[in-house]
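Engineer: Have a look at this one.
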Amino acid sequence: MRRVPQPPPEIRSDSGDSSDDYQEPDQVYPKPQRVNMADRDVFLSVPGSRKGRYSSLCSDDELLDDDNEPISIRNSLWQDYGLSTLQESVYLPVTGRVLAQPPRDGPSPEPCPVLKMGWLDKNPPQGSLYYQRRWVKLDVDYLRYFDNDKEVYSKRIIPTAAITGVTNVGEQKFEVVTTNRTFLFRAESDSERNEWVSVLQNFTKGRQEGSREITASVPPSLLTPGSPLTPEQQGYLELRGLRSKLYTVVSGDKVFLYKNVEDYRLGIGITSIDMNVGNVKDTDRRSFDLTTPYRIFSFLADSEQHKEQWVEAMRDAIGEALSNSEVANQIWAEPSNGCCADCGAAKPEWAAINLCVVVCKRCAGEHRGLGPSISKVRSLKMDRKVWTEELIQVFLLLGNERLNGFWAANVPPSEALSPTSCSEDRRLFISSKYRQGKYRKYHPLYGNQRELNNALCINVQCSDVLETLCLVFCGADVNCSTGQADCPSPLSLAHAHNQKLQAEFLSHNLNTELPRSEVAGLMEPQHYSPQHSVTHNGFLFKTASMARPITERKAKEEFSRRWCTLNDGNFSYYESDKTSTPNGVLKSTEIVCLAVNTPERHGYDHTFELYSESERLYLFGTDDPVSHKEWVKSITKTFILPNAEGLLRLGFDRIGRLRYKDGLNLQSPRVGWFALVGSSLHAYLEDSVEEEEIHLRKLQELSIQQENEVLVLVERGRTLYIEGERKLDFQGWCVSIQRAAGSAGDSLSQQQLTETDIPVIVDRCIDYITQCGLTSEGIYRKSGVNSRVAALCEAFRRDARSVRLKDGEHQVDDVSNTLKRFFRESGEGLFPIQAASAWLSTPVVPDESMKISQYQLLLSRLPRVNKATLRALVNHLYCVQRFAELNQMNLHNLAIVFGPTLFQTDGKDYTAGRVVEELIEHYTDIFEVDEQQLKRQLDEITAIIKVREKLNLNSSVPASGSAGDFICTVYLEEKKETAEQHVKIPGSMTAAELTCEILDRRKIQVREKDYWSCWEVSQKEETERPLHHLERVLPILHSLGTDSHLLVKKTPRHGGHTRLPGQ
């Protein structure tokens, strides 16, 4: 069924250009009669339409029309269909529009300053003749276009960060080129066109020349989700009146709408909704309304549970928007804070809290480039925790105008910024202003360190914060000695005299790097390493440095006693404490990693390793654990960035900086700080203000791409690529992370786990038996082959994540006995020893309801992993006994087998079996199971069994063979009859194996640079998703709708794709 197109408000003709994929119309359509566009009153005739009452949410260049349909047919359809017929088109119904409704009391939207706006003609993609009249706005965030100049919500938002070029392409026309597509516009005249091109080119000039993009300064909540962010909620929602669902993202204080998930990944959206004017209301079981003063958005979720999640996320966004505005409004109460301290842009939403200036988004990006020791950038709307009452009062007391009397006292007019200045100009100006102090007003005591320090100690006792700022940024030492034992520093003096604002200012400048007097030239972006005032000294024992990993144990005789000092960011070691010339020096800027060895790893009980930029490894040791701990902490503090100092609180095994790629940013690596703590990897990633934790035992994949030295960490919804900038320390990271990600013992919590905290061995065995063994007579009672069971147990123990149970390669009885042996031999067992007696005494409770309550209480007291594992196992056993007529394993038989196994008893009495029997019997009550979900699970199992029986009947293959395989149709390159391949899909087949199977059948030779992958394609939602190469195909088949299929195709090579085995 074809969507009926809605005509735009005005359509102009031109015989020249096509749409975003620019091509000459003669190649597609017969050449039309040329129209003289110089006469602006002459247009091609278009069908009449009712104007102003339709409001498209999807852009005109995204309509799902039939590309081959004659334009005349479309025109007639416009006249024949009324509004009721368009209820399933991509246009929002009239009922969704709120007219003449005054905004409610409270904050109103605060859009970014508009750099340029006006009427332009835009060419749609599906016809090369017709231009559409659009109202276009350019601000620092987006290039947007609207149906008219009254609309609040756009038809398309194009992130300015994605614009890579702007060029003239003929009379009155110009192209806006992004990283993934091209947009063609036409102005009223050449002069108007030139003005648009000039503004756009000037705005993007800094990016085109390789300077840092403005996205470095944008908070996650304000970016289009095509940039690296973690949205609070995302997924498809149905918007009332639309046939297709929209991909919706709640991020920060905004809601973004996208046509589909691919547009979301590209960052090209339909519109964004500011939640500070929004209100969310429940309307039905699965539906809710997002109401703004300008429009009502009526959404329909997939389920009632999903609706509640969406409503909660949107209400949180409203709360965040309203609360965030409070700080900004307070800061803006000082009139001079209403304009950027650097370029003068209105309503600046960022601040350098140590410099005390309020700046706009674009200038904030350049402030961040200075490094946190020069400018500590925080958002007025996002970083609520940092904005204490005292800090707000400091900003109100000083204000941008007074501060620029110091920072910008000598700015030449030719060097001053304006709101439209390009990124390169901003970078040079801000660096000169704050890094070099080029324009500051020098204090009379400048150059006299002693007098500056004395003046600072005197001034912090009074309320003149501006004088304190001038002293500090003209050279006074914030950490100087006051000469007073009870108040040794200026900060303690300020506290002693109850000068809270002075103390607040000083606390943010304890490690600030002061402006330099010399003026530097063009500054290239570089890794910033602050100079710490950490000092430490003492004796350590050292081996000779080496250029290879230390794999052997170093005896005490191989160490030499050295006097070591840590001062001014230099770690030096001397022959003795009497020697003045060091044997060697390691600068903090050269240290990239510190590794703490396990006790007694070497001759000295406590050792640590230092890795340098020059690919050298230094081993130091001591027998004193306290001294060892102090050295590790002190050295680490000298080379780690201040914004990652949160890692210092951890008892890390390894810490340092690494390059990485993640999310949608796979083109160029960024720098992050990582700390390995047990089985968790903690990280402060670039532009991230919060610490992230990666549970290594829960990874879906952990692999090393040896050819390009990349460590790949795959967790649900995210893949992190850690790159080896230096081979020596990268090799150490790989070994340590792989060891940490493996099983560390026999207890359940020490195993490799799934995302739901179930040991991988349990999950894999249950899944295999569900697919291949539920009809096997005597399942779990029959013994497997002991040698095969032992081999399987050892493989799971070595690396459970890499074990793939395959029908035909593994036998059902071997797998079932592997699962039983795991529970019998696992550490404390599923039921901890101290709790086992309580479980075993529960069956004697006479009242059934009290008995169930007792089981629920004991369940709640189990450790997290034990609880999740017990739930999964009992669910599996419940399903097994539901098919007892096939496998002869009823409730009692299963209890006899698993009672002694789970409680690790000798099985002489039936007490343990009784517990297991009652857990299975009362499964739905004890575990509070959703019966609808359980019914769907049983229906799926029944379907699997029926298919197995049918295949057995047709092929006379025993049930232990490939009877669990599904036959499905897979397409090669495109969906057409000649590209069909009918493939038998066993339960264990991965996407990579399916891809290889298809290529082998078609005898396609895979070349060195070819990347083939399997995709799930949904025709209804017009989306396609690449399957991870280790993702199992059978569960995907179960979830595919009738309008979806699998497709194997070759994809362009980039960092986000994984090569097939053998490539």
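Note that Cβ sites are derived from N, Cα and C of the backbone, with glycine treated the same way.
Take a look at what TrEMBL says about it:
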REGION    1-40  region 'Disordered'
COMPBIAS  1-10  compositional bias 'Pro residues'
DOMAIN    113-205  domain 'PH'
DOMAIN    230-319  domain 'PH'
DOMAIN    325-450  domain 'Arf-GAP'
DOMAIN    533-640  domain 'PH'
DOMAIN    751-927  domain 'Rho-GAP'
DOMAIN    964-1053  domain 'Ras-associating'
Engineer: So how many of the residues in the domain 'PH' (113-205) end up helix, strand or coil by DSSP?
Structural biologist: 19 helix, 45 strand, 29 coil
Engineer: Average pLDDT across the domain 'Rho-GAP' (751-927)?
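Structural biologist: Reported value for the domain 'Rho-GAP' (751-927) is a mean pLDDT of 89.
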Engineer: Pull the DSSP breakdown for the domain 'PH' (230-319) and write it out as helix, strand, coil residue counts.
Structural biologist: 25 helix, 38 strand, 27 coil
Engineer: Using DSSP, what is the helix/strand/coil residue split across the domain 'Ras-associating' (964-1053)?
Structural biologist: 21 helix, 35 strand, 34 coil
